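Here is what TrEMBL says about this protein:
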type	residues	note
DOMAIN	2-77	domain 'Trans-2-enoyl-CoA reductase-like NAD(P)H binding'
BINDING	47-52, 73-74, 110-111, 139-140, Lys244, 274-276	NAD(+) binding site
SITE	Glu74	site 'Plays an important role in discriminating NADH against NADPH'
DOMAIN	81-318	domain 'Trans-2-enoyl-CoA reductase catalytic'
BINDING	Tyr225	substrate binding site
ACT_SITE	Tyr235	active site, proton donor
DOMAIN	324-386	domain 'Enoyl reductase FAD binding'
Amino acid sequence: MVIKPRLKGGLALTNHPIGAKEFVKRQIDYVKSQDKYKGPKKVLIIGSSSGYGLATRISLAFGAGAETIGVAFEKGIEGKRTGSAGWWNTIAFDEAAEKEGLKYKNFIGDAFSFEMKDDVIKFIKEEFGGKIDLLIYSLASGVRTDPIDGVTYRSALKSTTKEITGPTINFEKETMEETTMGVATPEEIKSTIKVMGGEDWKLWIEALDKGGVLSEGFKTVAYSYLGPKVTYGIYKEGTIGAAKRDLEHTSDVLNDFLKEKYNGEAYVSLSKALMTKASAVIPIFPLYAALLYKVMKEKGIHEGTIQQKHRLLTQMVYGNHPVIDDERRLRPDNWEMREDVQAEVEALWDKITPENFKEISDYAGAREEFMQLNGFDFDNVDYDADLDLEELAKLRP
Ligand code: NAI
Ligand code: NA
């Protein structure tokens, strides 16, 4: 079967397994082109299959020689469905790790469940040397079933202040269009915090602690976003922002606990805006990203997912140059938030129209990144190749 890209708005309906290999390879190549660093030996990554979690795993494995356990929610080939991007990314990671003799293990399923926590802890005890040094929490999900009350919560991408209308990119139609973000009900705010707040991160730490699998000096980092003024309405002051503030509050609670018991640490890291599966569906966000790329590339300070996470790990979490704000948050988004960068983004934002957006923004770069998330638009992959889906279906992460 020949797999062609098929999009629906900000969603990709198809994924290319060979392209995923290239997607992962380029990130590994970047890490290998940099100095090796002394980091953790045993790592658990929740949300390991795409975006920031995948990049983190690649940096830790190929840069610091870490053994990694990845937890992700992904699907393989089913009938005419070509499998999810994260499924193929994980298989590509496995193959590369195998070649280097780097130990890895994947758990594909629901990280929010107690069952998953039990399975991972059992594995750590029986086959992973008994302890982990680092937990990365990089989940992005629209739904969570609370394992305590059994209720399924859905997150809403809505405003908490007033209805907001603004431009965004439609990658399917290649147009700039207006989107409207409605106002969330109190219920919707609460549900979004349930899904994307800190509760599950805390449940993981509690379970790992009870299981006795945390090492002395154990660290944990969860990924968050703040964003600049132009996105405040949709992000900082949106339902997702409310959930992220909850995550940040949780980091303080966990930090106190870990410090006391393990001489450990818990942090939230505010990352740079990038195109990922999760961010591509946030209203207004893709257009902001395209403008940001334009400005940051011109200034020579643009980073992709892997550069951003590699800098976080080598300079901040395992380095001597942490950028930390007065709320104890790690700030690898410091270049995005620079005043000169944001002033230029704002000036472009005021000028942008449906007619000029492709020239004014780095539309091509943002679109390429979006397509590459799903294994498309690599110049060295043959997209006319007839892939043997039956053979590919035998592969498992
Ligand atoms: P992504 O969509 O690429 O990755 C999400 C990961 O979560 C995937 O590995 C997926 O399999 C996993 N996942 C989702 N539901 C799951 C479940 N029930 N059980 C197990 N695994 C599950 O998203 P991205 O962008 O890498 O997001 C990761 C974190 O980084 C999020 O907290 C996000 O808010 C944060 N972040 C993202 C930014 C961006 O611009 N993309 C900026 C700053 C922070
Ligand atoms: Na991720």
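Note: Cβ is positioned from N, Cα and C throughout, glycine not excepted.
Feature annotations (TrEMBL) mapped to structure.
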| residue | record | DSSP class |
| --- | --- | --- |
| Gly47 | NAD(+) binding site | coil |
| Phe73 | NAD(+) binding site | coil |
| Asp110 | NAD(+) binding site | coil |
| Leu139 | NAD(+) binding site | coil |
| Tyr225 | substrate binding site | coil |
| Tyr235 | active site, proton donor | coil |
| Lys244 | NAD(+) binding site | helix |
| Met275 | NAD(+) binding site | coil |
> Counting other Cβ atoms within 10 Å of each Cβ, which of the binding-site residues Leu139, Met275 scores lowest?
Replying inline: Leu139
> With every protein chain in view, how many other Cβ atoms are within 10 Å of the Cβ of Lys244 (NAD(+) binding site)?
Replying inline: 26
>> Out of Gly47, Phe73, Glu74, Leu139, Tyr235, Lys244, which recorded positions have CB atoms lying under 6 Å from ligand 1?
In response: Gly47, Phe73, Glu74, Leu139
> Of Gly47, Gly51, Leu139, Tyr235, Lys244, Met275, which recorded positions come close to ligand 2, meaning Cβ under 6 Å from one of its atoms?
Replying inline: Gly47, Gly51
>> Using a Cβ cut-off under 8 Å and a sequence separation of 6 or more, which residues in the same chain sit near Glu74 (site 'Plays an important role in discriminating NADH against NADPH')?
In response: Ser49, Gly83, Ser84, Gly86, Trp87, Thr90, Ile108, Pro397
>> When secondary structure is assigned with DSSP, how many helix, strand and coil residues does the domain 'Enoyl reductase FAD binding' (324-386) contain?
In response: 31 helix, 2 strand, 30 coil
>> Can you work out the mean pLDDT of the predicted model over the domain 'Trans-2-enoyl-CoA reductase-like NAD(P)H binding' (2-77)?
In response: 97
> So how many other Cβ atoms are close to Phe73 (NAD(+) binding site), meaning within 10 Å of its Cβ?
Replying inline: 19
> Counting across all protein chains shown, how many other Cβ atoms sit within 10 Å of the Cβ of Asp110 (NAD(+) binding site)?
Replying inline: 16
